[in-house]
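*Asks:* TrEMBL lists these features:
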TRANSMEM  12-37  transmembrane segment
TRANSMEM  57-76  transmembrane segment
TRANSMEM  88-110  transmembrane segment
TRANSMEM  261-284  transmembrane segment
TRANSMEM  315-334  transmembrane segment
TRANSMEM  354-371  transmembrane segment
TRANSMEM  442-473  transmembrane segment
TRANSMEM  485-504  transmembrane segment
TRANSMEM  525-546  transmembrane segment
Amino acid sequence: KYIELPSECAYTLFVVATFWLTEALPLSVTALLPSLMLPMFGIMPSKKVASAYFKDFHLLLIGVICLATSIEKWNLHKRIALKMVMMVGVNPAWLTLGFMSSTAFLSMWLSNTSTAAMVMPIAEAVVQQIINAEAEVEATQMTYFNGSTNHGLEIDESVNGHEINERKEKTKPVPGYNNDTGKISSKVELEKNSGMGTKYRTKKGHVTCKLMCLCIAYSSTIGGLTTITGTSTNLIFAEYFNTRYPDCGCLNFGSWFTVSFPAALIILLLSWIWLQWLFLGFNFKEMFKCGKTKTVQQKACAEVIKQEYQKLGPIRYQEIVTLVLFIIMALLWFSRDPGFVPGWSALFSEYPGFATDSTVALLIGLLFFLIPAKRLTKTTPTGEIVAFDYSPLITWKEFQSFMPWDIAILVGGGFALADGCEESGLSKWIGNKLSPLGSLPAWLIILISSLMVTSLTEVASNPATITLFLPILSPLAEAIHVNPLYILIPSTLCTSFAFLLPVANPPNAIVFSYGHLKVIDMVKAGLGVNIVGVAVVMLGICTWIVSMFDLYTYPSWAPAMSNETMP
């Protein structure tokens, strides 16, 4: 029976991996297969498999989604994004950097999908205003203008009346991305009827649209690298690592931020430079020229951003409370166990390891259901206004609409599969078979694994990719006697580098739906960003990450793999 178990678990892994890669079934449905197959093959009892589907990760996710729900409900995300863009100015290069910075910051705390869906309508309104301003310049060159008549808008109405309606719709705040289908259909119809010359007026206008779309898509993914809660990939890795190596205690919110923030910052800046050079050219003299008079386009762009910000009105009580809770949550995460000084978890020294990042997330998450957003009042028959109830910052129905239950089940299936690999001995067998790789330099093994996950994640979902590779890479590291973090950290970061195709990542699909991009545009731009990402990760693992975790030494918390070959 001992001989059969690894092969039966390998068959389970093969079936689940095939279904995940082909998406023959929804990913979350496929994630339920281990709960059926592992007990059926006698690898693990059903009760033990079921316990793997809900772990500390899920409590952390619940707390984070409470925060995200309140941020989106009260439009705090829009205020942050517009304020940051207003700070950097209206020069096209600085404008794209402003959008990338604000999008990356939001993506640190919200899902990359939600971030792209929230910021893209704002960017679209700005781009359309630039196109209008260009039309105004053309009109003023042909005729004399009088007063404040906007000739650009008049030309739009005479050429394409329905385009104005579409543009007005785009400038409205969009709470989600459910209306993307309607947008792309109208855009495709417009392009068929009017052609590129009428829609974009100039080639530069078309290129600006492409640039802004790619900036939003890529920065929403890059920003998620910096925090454990920023992307499901990081969450899956953190839970898997802390479960497999409970004695390590070195991976928490603060330590991950220290590892990934420099890498994400470098990738963001290099990606900005690459996209600028690819689409608009990179003129340093033009960018840093002081005292330059703003063009009509830049003034119009600044005006539309200012108007969008003014529509939000003064900051409200609900936004202030959400922002305060957001800051408190971040501070508690960073200060729990910073490493270089004792954190607040030392106050509970008699219960080591009991308080985790999920404890903080749940504590703050519960406050969103307790703190009142507003009082509900009614008028009595005597005309007196009295309070009879209150409405909290978020309700359970609102939370449910934001909670990604499919990701929760997908992650649970991955944990169950990893437990099955351990129980059956498949992980140990794989590790022994991969031990000859120990003759290769460690940096080459890291590069190979990083390129493998970067390639696979272009055609498979990020959570599915990391879930498949973690049970393989961990035994590999143990077999060749290399610190597991040395291989797992780069692989986890590279799993998020899905920049090539519209279907590779939800943010890519969202910006592609606006109709400005072609697949070849994303391939050309994404290839450069992929190369930049892998190169920066390799640089990080050889410099600051090594010094943080002493990666050149095999740790005591990792098991030593025997050299015996299993039957």
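Just so you know, glycine gets a Cβ as well, placed from its N, Cα and C.
Keep in mind that TrEMBL annotations are predicted by a computer and have not been checked by a curator.
Help me picture these features in the structure, burial and contacts included.
*Replies:* Within the chain carrying the transmembrane segment (12-37), a Cβ under 8 angstroms from the stretch's Cβ atoms is held by residues 43, 46, 49-50, 53, 405-407, 409-414, 416-417, 420-421, 426, 456, 459-461, 463-464, 467-468, 471, all 6 or more beyond its ends.
Among residues of the same chain six or more beyond the transmembrane segment (57-76), those with a C-beta under 8 A of the stretch's C-beta atoms are 109-111, 114, 118, 173, 175, 228-229, 235-236, 238-239, 312, 316, 318-319, 322-323, 325-326, 329, 356-366, 368-369, 393-394, 398-399, 401-404, 407-408, 411-412.
Same-chain residues lying 6 or more positions outside the transmembrane segment (485-504) and placing a CB less than 8 Å from one of its CB atoms are 217-218, 221, 224-225, 231, 233-234, 237, 241, 250-251, 259-260, 263, 442, 445-446, 449-451, 453-454, 457-459, 462, 465-466, 469-470, 473-474, 476-477, 512, 517, 519, 522-523, 525-527, 529-530, 533-534, 537-538, 540-541, 545, 549, 551.
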*Asks:* Counting only residues 6+ away from its ends, which parts of the chain sit with a Cβ under 8 Å from the transmembrane segment (354-371)?
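*Replies:* Contacts with the transmembrane segment (354-371): 56-57, 59-60, 62-67, 69-70, 228-229, 252-253, 321-322, 325, 328-329, 332-333, 336, 345, 348, 392-396.
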*Asks:* What stretch in 88-110, 261-284, 315-334 has the biggest tally of Cβ pairs under 8 Å against the transmembrane segment (525-546)?
*Replies:* 261-284
*Asks:* Given a Cβ distance threshold of under 8 angstroms, which distant residues of the chain, six or more beyond its ends, lie next to the transmembrane segment (315-334)?
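*Replies:* Long-range Cβ neighbours of the transmembrane segment (315-334): 63, 67, 70-71, 74-76, 79, 109, 252-254, 257, 344, 357, 360-361, 363-364, 367-368, 371, 373-374, 393.
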